[in-house]
Amino acid sequence: MFSSNAYSFMCKPGIGGWSSCSNLSASQRKLLGSSSRITCCAPTNSKSHGGVVMENETNGSSTVDDFDVNPIPSGGVRDVYGEDKATEDQFVTPWSISVASGYSLLRDPHYNKGLAFTEKERDAHYLRGLLPPSVISQETQVTKMIRHIRQYEVPLHKYIAMMDLQERNERLFYKLLLDHVEELLPVVYTPTVGEACQKYGSIFMHPQGLYISLKEKGRILEVLRNWPEKNIQVIVVTDGERILGLGDLGCQGMGIPVGKLSLYSALGGVRPSACLPITIDVGTNNQKLLHDELYFGLRHKRATGQEYTELLHEFMNAVKQNYGERILVQFEDFANHNAFDLLEKYRSTHLVFNDDIQGTASVVLAGVVSALKLVGGDLTDHRFLFLGAGEAGTGIAELIALETSKRTNVPLDEVRKNIWLVDSKGLIVSSRKESLQHFKKPWAHEHEPVKELVDAVKEIKPTVLIGTSGQGRTFTKDVIEAMASINEKPIILSLSNPTSQSECTAEEAYTWSQGRAIFASGSPFAPVEYDGKVFVPGQANNAYIFPGFGLGLIMSGTIRVHDDLLLAASEALASQVTQKDYDKGLIYPPFSNIRKISARIAANVAAKAYELGLATSLPQPKDLVKFAESSMYTPLYRGYR
Ligand SMILES: NC(=O)C1=CN([C@@H]2O[C@H](COP(=O)(O)OP(=O)(O)OC[C@H]3O[C@@H](n4cnc5c(N)ncnc54)[C@H](OP(=O)(O)O)[C@@H]3O)[C@@H](O)[C@H]2O)C=CC1
Ligand SMILES: CC(=O)C(=O)O
Ligand SMILES: [Mg+2]
């Protein structure tokens, strides 16, 4: 992810976008060629925007835009290094221009091609003798790497090998991931990323992402400016308190933003250099980690209240100050006592998106809508029961209610009555209302208290059962048999991650429902044979949505997330399920088509953003799907002159 020896040029402060960098002279543009980056800076402590980096790709899109906070007087001399506007008490960053070659080129993951460097490149870039004589293609490298990965039987070893490749040769990493997406997604993402986070202290070799701890309070802007890439378009940030269903992993949660952003590039085509993984370290309440000598985070209990709020507020302001209005901040795996408040606080001032609340809602709504093709009826004909009433559960419930209300013109409050949630204390009912967290209150319907899930299933008689509890094996035989006795084709979504926390396995869902369940899970399960028939479980994971959703926001310059954009993403995803998928009982399309799916999601999201007046990249491209496709990062190697 780091690259220190690229061509670097200073340019005006601004905000990442898709228009061209007007500040570059013709000779600079020529000099930059196809594998160059332009780096800008501003004095530390400066109140102006920090800068933008743009990177050329084959599509020629460039990324410095028109939000100029420091216009250049025509004919004047440009303060390209931010040196002139710095006062004497301010420090400037000594950025330098350099060309990677020889040994440093081989060690630069952004530019390294290993044995794929051509003869000409080996001469031009002082690589003779630093590589064995053979020249091989990127295709052959992919074949070699997938064999290498397959050698490992332990998933964590595969994960380490993938991370190692990412640090050595970024384009090969992404080509490999894209070419073998169904095989490697479970390696770089759930379930293996969960184990990686649990063991991050001992497998940690290269620092990845940016760590912002309480120690950096008061100078977060400076910390952001230490990141080598300047044209950041997406940040995925966690504070590590609710990592998948594994709880508080503190600083070790970094595996999640790193993994999510790999998917942004692989599945959504957002350039890796535009992605910034961040972990905010306010301490951890995980006693095991606090006593682990390899733990590398702050060794104290989590800061809460004002201390937490102030750090997060400084972070959000610094992000906007450094990267501008269009930077997308994706909140990931925060505990629900912070997640809802952060989203509420920043949704009107920043481009923020909570993947666990909003992304999950969008993907599950799509799955439910497609499932209706298999079971019949409309959304209003179905009754939903959730195990788990936190971010994912109430987020999904809310979006299903919104879509149903829009489709039927029935008021939201009325629609909500068909949706029931169970939390750790039992069914959410009106007699509990006073003591409920705010996000549960809309779901407190009139009913006698019910403690056990199986009893709730028998009482509520849901057609759809959704697990968002983070508790493994909670959809017991009794629960699934109860669902199967009420429904010809029970829809059972076991969304909790990683696999150990899944409410049931695919085998349990199919066996206990005598092969009648429409089943999907958050982490993947292998196909199951039951009664002579093979059942292929789908994966209901927000990974279907956030990469395309983010691309849609970025390519349209959208400045705020609106619920209708989530509905647009969901609709696009559901529309990608084919008859062939339905015939296999699948309610999601295969991940092997993910780039096409992401382009459609991006286009639908962008179209809605333009319609709502939230998009700022004007004029609107005529064909948004083509535009999305042409905007995507491709991991093929570029030639170096
Ligand atoms: N597939 C996907 O794409 C996604 C999956 N997830 C997964 O969903 C799970 C939950 O995430 P999230 O909603 O953010 O977590 P939260 O902590 O916000 O919510 C968890 C909910 O589960 C309830 N719960 C906990 N234990 C039990 C139990 N034994 N019986 C009934 N309810 C219980 C909690 O109850 P109480 O409120 O009483 O504490 C709470 O309401 C995680 O495993 C996560 O990995 C999340 C996002 C996306
Ligand atoms: C998938 C995801 O975002 C989660 O489990 O938290
Ligand atoms: Mg998450």
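Cβ from N, Cα, C; glycine included.
Now, the feature entries from TrEMBL:
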type: DOMAIN; residues: 166-347; note: domain 'Malic enzyme N-terminal'
type: ACT_SITE; residues: TYR189; note: active site, proton donor
type: BINDING; residues: ARG242, ASN497, ASN541; note: (S)-malate binding site
type: ACT_SITE; residues: LYS260; note: active site, proton acceptor
type: BINDING; residues: GLU332, ASP333, ASP356; note: divalent metal cation binding site
type: DOMAIN; residues: 357-610; note: domain 'Malic enzyme NAD-binding'
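This view paints the features noted in TrEMBL onto the structure.
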{"residue": "TYR189", "record": "active site, proton donor", "DSSP class": "coil"}
{"residue": "ARG242", "record": "(S)-malate binding site", "DSSP class": "coil"}
{"residue": "LYS260", "record": "active site, proton acceptor", "DSSP class": "helix"}
{"residue": "GLU332", "record": "divalent metal cation binding site", "DSSP class": "coil"}
{"residue": "ASP356", "record": "divalent metal cation binding site", "DSSP class": "helix"}
{"residue": "ASN497", "record": "(S)-malate binding site", "DSSP class": "coil"}
{"residue": "ASN541", "record": "(S)-malate binding site", "DSSP class": "coil"}
Practice problem: Report, in whole Å, the straight Cα-to-Cα distance of ASP356 (divalent metal cation binding site) from ASN541 ((S)-malate binding site). | Solution: 10
Exercise. Just give me the nearest neighbour of ARG242 ((S)-malate binding site) among the recorded positions TYR189, LYS260, GLU332, ASP333, Cα to Cα.
Key: ASP333
Quiz item: Just checking: which of the binding-site residues ARG242, ASP333, ASP356 have a C-beta under 6 Å from ligand 2?
Solution: ASP333, ASP356
Practice problem: Among the binding-site residues GLU332, ASP333, ASN541, name every one whose Cβ is found under 6 angstroms from ligand 3, counting any of its atoms. | Solution: GLU332, ASP333
Quiz item: Once GLU332, ASP333, ASP356 are set aside, which residues in the chain still have Cβ within 8 Å of the Cβ centroid of the divalent metal cation site?
Solution: THR238, ARG242, ILE256, PHE331, PHE334, ALA339, ASN354, ASP355, GLU391
Quiz item: From the Cα of GLU332 (divalent metal cation binding site) across to the Cα of TYR189 (active site, proton donor), what is the distance in angstrom?
Solution: 14
Quiz prompt | Pairwise CA distance, ASP356 (divalent metal cation binding site) versus LYS260 (active site, proton acceptor), rounded so that it is a whole Å | solution = 12
Self-check item: Chain-internal residues, separated by at least six, CB under 8 A from ASN497 ((S)-malate binding site)
Solution: THR190, PRO191, GLY194, LEU244, GLY245, GLY522, SER523, ASN541
Quiz item: Do you know which of the recorded positions LYS260, GLU332, ASP333, ASP356, ASN541 end up with C-beta under 6 Å from ligand 1?
Solution: ASP356, ASN541
Quiz item: Which chain-mates of GLU332 (divalent metal cation binding site) that are at least 6 residues away have a CB under 8 A from its CB, listed by sequence?
Solution: VAL236, VAL237, THR238, ILE256, PRO257, LYS260, ASN354, ASP355, ASP356
Practice problem: Please work out the number of neighbouring Cβ atoms within 10 Å of the Cβ of ASP356 (divalent metal cation binding site), leaving out its own Cβ. | Solution: 23
Quiz item: Ranked by the number of other Cβ atoms within 10 Å of their own Cβ, which of the recorded positions ARG242, LYS260 ranks first?
Solution: LYS260
Quiz prompt | Spatial neighbours of ASP333 (divalent metal cation binding site) that are distant in sequence (at least 6 apart) but have CB under 8 A | solution = THR238, GLY240, GLU241, ARG242, ILE243, LEU244, GLY253, ILE256, ASP356
